[in-house]
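Visitor: First, the structure itself, so that you have it in front of you.
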Amino acid sequence: WGLLLLAAALALWGTAAARCPAPCVCDNLRAHVLCLNGNLTAVPGTIPQLTKKLDLRGNSFTVIPAGAFLTTPYLTHLDLQRCKVERLEEGAFRGLGRLVYLNLASNGLALLYQESLDGLSSLQQLSLEGNHIEEIQPGAFGHLGSLTVLDLRANALVYLPDMVFQGLQVLRWLRLSHNALHVLGSEAFAALPALRRLSLDHNELQALPGEALARLDGATRLDLGHNPITYVAEEALAMASLKHLFLDHAALQDVAPDAFARSPQLRTLDLRENQLQGLLPLAGAGGLARISLAGNPLLCSCLLRPFHNWLARARVQVEGACAAPPALRGRPLDSLRPPEMRCDRPRLPPSPATPSEQPKADSSRQCPQGCACSPDFRHGSCENRDLREIPRGFPGDTRLLDLRRNTFGTVPPGAFPDLKELVSLHLQSCSIGALRPGALRGLESLVYLYLTNNRLSTLAATAFEGAPRLAYLDLDRNAFARLPAGAFQLLPNLISLHLQHNAIGKLAEGDLAGAGGLRWLYLAGNTIGRIAPAALAPAKMLEKLHLEGNRLAEVPTAALRGLPALSELKLSRNPIKRVGENAFLPVASSLQHLYLDNMGLERISPRAFAGLGPKIRSLYLESNKMSSIPDMSNFTGLEILNLRDVPFRCDCQLLPLRRWIDKLNLRVGATCGSPAEARGLKVKLSTAFQTCPGWGRGEAGGASPDKTKAARKPSKKKRSGKSPARGFKKSRA
């Protein structure tokens, strides 16, 4: 019977495989289907029913609709990396009860709703790395009871509300690195009983979030490096099982002697590259075996003797060297003798004062009539209630207030009294034409403000008075004809500004005055035809600049000067016909992702990419009109190169590109547009190059297997270091 069942299954797969969708490759033996880097805009409906692994990387889905995978109920692995997904509809993954691995990395997701991931009861690994997720609603992961690894790295998170990870009962590793987190609810990690590792490095935490971390009784490793934490207070960390703590590359100036007294299992403490001049003996850290102080300006005077003696008594290994006095500079701490540590230098500066506790607001449970208030999540909602005025009387401890789809028209001064703990305010689609001065007065904890799809055309600076912590401002789909100059002067913590799909025609000098901390600027879908050379100058920390779908006729090279951190530049869908020399030179040292697709681009100058090199990770040139491209052989760090729908002239002048593509471990989609006999052929497969001088000397010709192997080896080595959550390997061109 077993053999009969196996034969029947193979027969069913074989029948289905015969209908393998056109751009895809079906592996009958392993039940794998690959549809890589194609032009798919929807999930193919003819994928074999018994498929177990489906790889759809590099397509253009935008939206994953409800029931998109109902015809493939046996899937265990699904890869949707780099598919330009912006929205997951409710029930998008319904029917995938066997799925254990889902990769949604490098897409455009901005919000996760409660129903986004419904139906994935067996899912064990979920990667959402490299999206634009700004906010997660509590309950979004409520149906993922089998999840063990959740990857949310490199998103745009600033705030984690209470119980945001509710339902993740077996989660073991939570990755939140490379966001902009600086507010954590005290119960943010309360529902994670099995968590063993938490990665919070590369965020904006200014103090150790001790209250939130105290809920993690079982966590053994905590990564908090690369945060601007200046002081670790008394008993700041109460984690009963913690063994490895990383606080490297922060801004630490002092650590209280009993800072880790309530973490008795601590074994390794990494304090590298901080501003510590010294430490006192660490009380209660009896299990500590190793402490790293390398890269700190240690003053090896008599003030350091108690700590030095404690190290010897407790048999703690130490890494670090003296920075002063001059006679001891460079000496390892473990080589010092107490008599050498003399007090002939100024005393250490006093410890910074411990941050004072903020008084808690009144938490009475009143709620305006017709609205809903959740005491557990501290949410209030009056969504789509046909309200004409903003209601009052929400509980004083409300953190999220949802007032979408009403008809307020105006937000008057003092519209949100007694809401000092409010973090997220939703006012989308409310027909708002005016935000009056003082409208946000008293919202001292506000981080997110959503004003999408309203009628705003101007903003006064005083409109944001009283909301100094505002970090995310979403003004997409309003009526702005220019940036609201001066409006950002009272927003010193503004990180992300959305002004997409307005009517902005130009960026002028002074438009971004006051936006010194801005990291991400989204201006897609406007009518911008000119950017003044100094228009972006105030935003010296800018990392992402999205200008796609505007009216720029040239690369705004002059405006890019003074942006040393810019890593992502999108110029897609602008009428730029020619890219001149040194176009990206001002940002050559930082640029990693460059989008030049769908522009009708006709020519790229030979030195257009001057200065760019190994740092470039992705380059999008698809759907343009040029017939050749400059030499890019020094782009050795490329992970994505898209050359689809470019009419290359496959003659001897293109031979260097042909050879380079042959060496890449990437699928680039390059095809010949001419001559006629080569039209439509992949550049790699065209025989037009075989008559070119030097054909036999290149990789494309008679290169030996050893040379070919050597050329590809670095790419393989690079990929082998990735996390298993990355999933499928790159497919070759």
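Keep in mind that glycine also has a Cβ here, set from the backbone N, Cα and C atoms.
As annotated by TrEMBL, compositional bias 'Basic and acidic residues' applies to 331-347. The compositional bias 'Basic residues' annotation in TrEMBL covers 710-733. According to TrEMBL, the feature domain 'LRRNT' maps to 19-53, 366-400. Taken from TrEMBL, the feature domain 'LRRCT' applies to 296-344, 647-693. Feature annotation from TrEMBL assigns region 'Disordered' to 328-367, 693-733. Residues annotated as signal peptide in TrEMBL: 1-18.
Structural setting of the listed features?
Guide: Same-chain residues lying 6+ beyond the ends of the domain 'LRRNT' (19-53) with a Cβ under 8 Å from its Cβ atoms: 9, 12-13, 59-62, 64-65, 68-69, 71-78, 642, 644, 667, 669, 728, 731.
Mean pLDDT, taken over the domain 'LRRNT' (366-400), works out to 88 on the 0 to 100 scale.
Each residue of the domain 'LRRCT' (647-693) gets a DSSP state, and the totals for helix, strand and coil are 19 helix, 8 strand, 20 coil.
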Visitor: Six or more residues out from either end of the domain 'LRRNT' (366-400), which same-chain residues have a Cβ under 8 Å from its Cβ atoms?
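Guide: Same-chain residues near the domain 'LRRNT' (366-400) but 6 or more away: 138, 161-163, 185, 360, 406-409, 411-412, 415-426.
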Visitor: Per DSSP, what is the residue count of the domain 'LRRNT' (366-400) in each of helix, strand and coil?
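Guide: Taking each residue of the domain 'LRRNT' (366-400) in turn, the totals are 0 helix, 7 strand, 28 coil.
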Visitor: What does the DSSP secondary structure composition of the domain 'LRRCT' (296-344) look like, as residue counts for helix, strand and coil?
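Guide: DSSP composition of the domain 'LRRCT' (296-344): 22 helix, 10 strand, 17 coil.
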Visitor: Using DSSP, how many residues of the domain 'LRRNT' (19-53) fall into helix, strand and coil, respectively?
Guide: 0 helix, 7 strand, 28 coil
